Structures are given as structure tokens and as C-alpha cells.
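Trainee: For reference, Swiss-Prot lists these features for the protein:
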BINDING   Gln29, His131, Asn176, Glu177, Tyr310, Glu380, Trp429, Glu436, Trp437, Phe445  beta-D-glucoside binding site
ACT_SITE  Glu177  active site, proton donor
ACT_SITE  Glu380  active site, nucleophile
CARBOHYD  Asn398  N-linked glycosylation site
Amino acid sequence: MGSTGRDAEVTRGDFPDGFVFGVATSAYQIEGARREGGKGDNIWDVFTENKERILDGSSGEVAVDHYHRYKEDIELMASLGFRAYRFSISWPRIFPDGLGKNVNEQGVAFYNDLINFMIEKGIEPYATLYHWDLPHNLQQTVGGWLSDKIVEYFALYAEACFANFGDRVKHWITINEPLQTAVNGYGIGHFAPGGCEGETARCYLAAHYQILAHAAAVDVYRRKFKAVQGGEVGLVVDCEWAEPFSEKTEDQVAAERRLDFQLGWYLDPIYFGDYPESMRQRLGDDLPTFSEKDKEFIRNKIDFVGINHYTSRFIAHHQDPEDIYFYRVQQVERIEKWNTGEKIGERAASEWLFIVPWGLRKLLNYAAKRYGNPVIYVTENGMDEEDDQSATLDQVLNDTTRVGYFKGYLASVAQAIKDGADVRGYFAWSFLDNFEWAMGYTKRFGIVYVDYKNGLSRHPKASARWFSRFLKGDDAENKADMN
């Protein structure tokens, strides 16, 4: 368990035939074109107008201009050997006001062009309906994810997407990381629309309506589209693995509780009909309740689980940790070091991201055991580096730490499959350097470097070239790559 995993050897042959390898992005982070194509404002468009909210004062107004460069990007993706692409559809490009009445045909045309070009290049589309870019009008008029009305509006939006794109898109994700929207968007306020730490109950309400909205979208698909289109609809949850800090019972239970407040918060209602008991015990009336009708409605409304995973932590029980409310109420302390003082893994650029490949194997096995071995896709996995303006192009393209990250984590996925977890695919985050939310452009997750100072030109990094060799089965070169 103490091994970093970066010395792991992994080849395409370690995975089953048909296993999907792809890359992932999201609309707000890459598209740009804020005021083009009939698009309405989303909450991030408005949130970033206050430059103090973003580390470098930036926004996604232009981002990396994927809206105008999608053909260049898809051609590069295909040339590297990727055969699947997880992208997100911008809700206000389809319904500028979010109300679900007047479809913006220019928005539909853009995504039709994107999807058709992907398929032409041999790339399978995996479409996310919601990756945090809520139509601003819905936030203003109904309160966004704090209102039960959002469930109906989301279902209308989902139906429009299924109707317009579902003849070609067979893999749908309703919502990306509802935990982040709930906690950072409506609770702490680091993300749009910007809540505040004192309004603790808001994040649990925002989570509640995201679960119901997910179920409503799946219901629409199953009733109106599945028989003809034959696709599948899943939910993407983010989770860091929680490794007990010691063999003490209280630490073992604390680690389980930490997972309840991540995976369990969203998947328990769908698979079992209600929130984890550990959440109910600690939150009381702050945690909304599902009616019996709701419980019946949401049960088993899922075809696959998408897991976004980047890192792991040691978890110890702590009666009153000095942390934000979301962690205080869990009564857990997230620890980065072993008892010996050695860190759990090498740190990437972000202070929260440690390279811990073995954590992913444990997480996949945990999810498989808890939820009856569902179909799982690793829908995001990657690491960031600082944006270093003083570095040469050759230096920034030589991302050997990221190559090691991917080797270790992919080996962990292969091990989980051998353990019996039904993992069907893996998507690297991210294809392109992009707008990294509250961090702006100060962090780079891409396997393709985007030169922000020179026309947003694209340059594949060493990690992209490693992936290309891996996908094309050049195992001998792969094994020599890090020597």
C-alpha cells in the first residue's frame, strides 16, 4: 500500500477487449464564445464578472476557444488514438433562459456538428448534460438547484438533448459531480453561484434536487427514447478514497463515514432509496427527506456509475475538527501523512492532489461491493501542474510526472478489473489545458498544452504521446518510456 504505484507497468493488453479509453472536458472550461450562437449566460459567466472570485481574475469567456476549433481538437484526439470523448453540453446553448420552451437551433447545430465530426473521426461520444453551467436565468428566477422547480426544467432540457442527439449519442451522463455544485456552489461559495459558509443546509437541498433531477432525466429517457435509441444513462460522482489512519475502530468507522458523505450521499438514494444513516444521524433536519413516492421514483434510475477520482487521504475520527462545516459535521480529519511522517503520495500542483494510485483500486472495489457490482466508468482521472510562464515550451511538454500518474492509476484500474469490478472505461482529465474554475488558468490538467500567450496553439505533451503509444499497443516503447 505504501508504494507510489508510479513504477507500475501497464499495457493495453492488461484491459479487456472493448474497454473504452477516452479523454474528457467540459463546455465552460473549453468552449468560450460566451455571446455567440444564441447562447444565454450561465452562472459561471456571471460569477466570474467579479474578478476577485478567480485566482487570476480570469473567466471562460474565451477559454481555449474550442467552439471555433473543435475540428482541430477532434482531429488531434483521433490522431493520438483515442476512440471516446466525454464532453458536456452547455444548457444555456440549448435553452438560453433555461425554461425549456424555445430551443436555440444554433446551439443544437453546434453540438450536431461536433458529434458528427467525432463520429466521422471514429470517436464515440459520451455526453454530460450538466457540468456546472446552469442557465443564469434559472438561478435568478427560481433559485437554481435550491428549488424543486429545477427538476422539471432539467427534465425538459434532457429531453431536448435526447431528441436532438440521441440517435448518435448512446452514453449519457446527467450531472457531473453534484457534490461540488452542492458544497462549493451553494454551501461554501467558492464556485458559482456563490453561497456562504453560514448557510449550511443549502448544500444538502441543492444535492437533493440534483438527485431528483437525475432520476427525472433517466425516467424521460426510459419512457420515451430507450426502446428506439438503445442508450444508457448514468451519474458521475467524485470521490477521494478514504483510507483509515489506524486500526482503531473509530478511525475505521470514520473512513466509512467519509465515503458515505461522498459516494453514499448520491448513490445510496438511487440504489437503496435513502441517504446513508450516518448522514441522517449527523445532519438531522438539515438533510432533506424523500417521500415514499420519491423513493420509489429514484430507485435504480441508473445504468452506470461514473467515478471521478484524483486522490486519496488518510481519515481519522475527530470530535471537532478545525475545518469547514462540511467536514466538521462528518467528524473526520483528512490527513496527508503516514504516522512515520511520510506523505501519502507525491503532491501535484493543487494542494489537495496527492498521487496515490492504490487508492483508485480500493475505491473501485468498494463501489463494486457496496452497490452490487454496477457498470463503472472512471470518468475523470488526472493531475495538474502549475502554469509556469518562465518555462520553455520543451520544458512544459515534458510532463513525466503526469506520465507516471497515468501509468500508476491505469495499473490500479486493471487490478480492480481482475479483482472483479465491472469497470468498462477510463477517461483522462483533461484533453486540453483549460479554465480550472476558481484557479483560473493557473493550473494545467491537460495532456495537450495550450499556449495562452500565442494564439491558444495546441501542443501535445509527453503524456499525450505516451497515451498514443499505449493505445496503439507499442508496449516495448511504453515500458522504456520512464526509464
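For all residues, glycine too, the Cβ spot is worked out from N, Cα and C.
Quick one: where do these features end up spatially?
Mentor: Contacts of Gln29 (beta-D-glucoside binding site) defined by a Cβ separation under 8 A and a same-chain sequence distance of 6+ are given as Gly60, Ala63, Ser430, Asn434, Phe435, Glu436, Trp437, in order along the sequence. Under the DSSP three-state reduction, Gln29 (beta-D-glucoside binding site) is assigned to helix.
Cβ contacts within 10 Å of Glu177 (active site, proton donor), excluding its own Cβ and spanning all protein chains shown: 24. In the three-state DSSP reading, Glu177 (active site, proton donor) counts as coil.
Glu380 (active site, nucleophile) falls within a strand when secondary structure is assigned with DSSP.
Asn398 (N-linked glycosylation site): 15 other CB atoms within 10 A of its CB, across all protein chains. Under the DSSP three-state reduction, Asn398 (N-linked glycosylation site) is assigned to coil, being neither helix nor strand.
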Trainee: What's the CA to CA span in angstrom from Glu380 (active site, nucleophile) over to Trp429 (beta-D-glucoside binding site)?
Mentor: 5
Trainee: So the record assigns Gln29, His131, Asn176, Glu177, Tyr310, Glu380, Trp429, Glu436, Trp437, Phe445 to beta-D-glucoside. If I measure every Cα pair among those residues, what is the longest distance in angstrom, as a whole number?
Mentor: 18
Trainee: What's the CA-CA gap between Asn176 (beta-D-glucoside binding site) and Asn398 (N-linked glycosylation site) in angstrom, rounded?
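Mentor: On Cα coordinates alone, these residues lie 30 Å apart.
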Trainee: DSSP three-state call for Tyr310 (beta-D-glucoside binding site): helix, strand or coil?
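Mentor: SS state of Tyr310 (beta-D-glucoside binding site) = coil.
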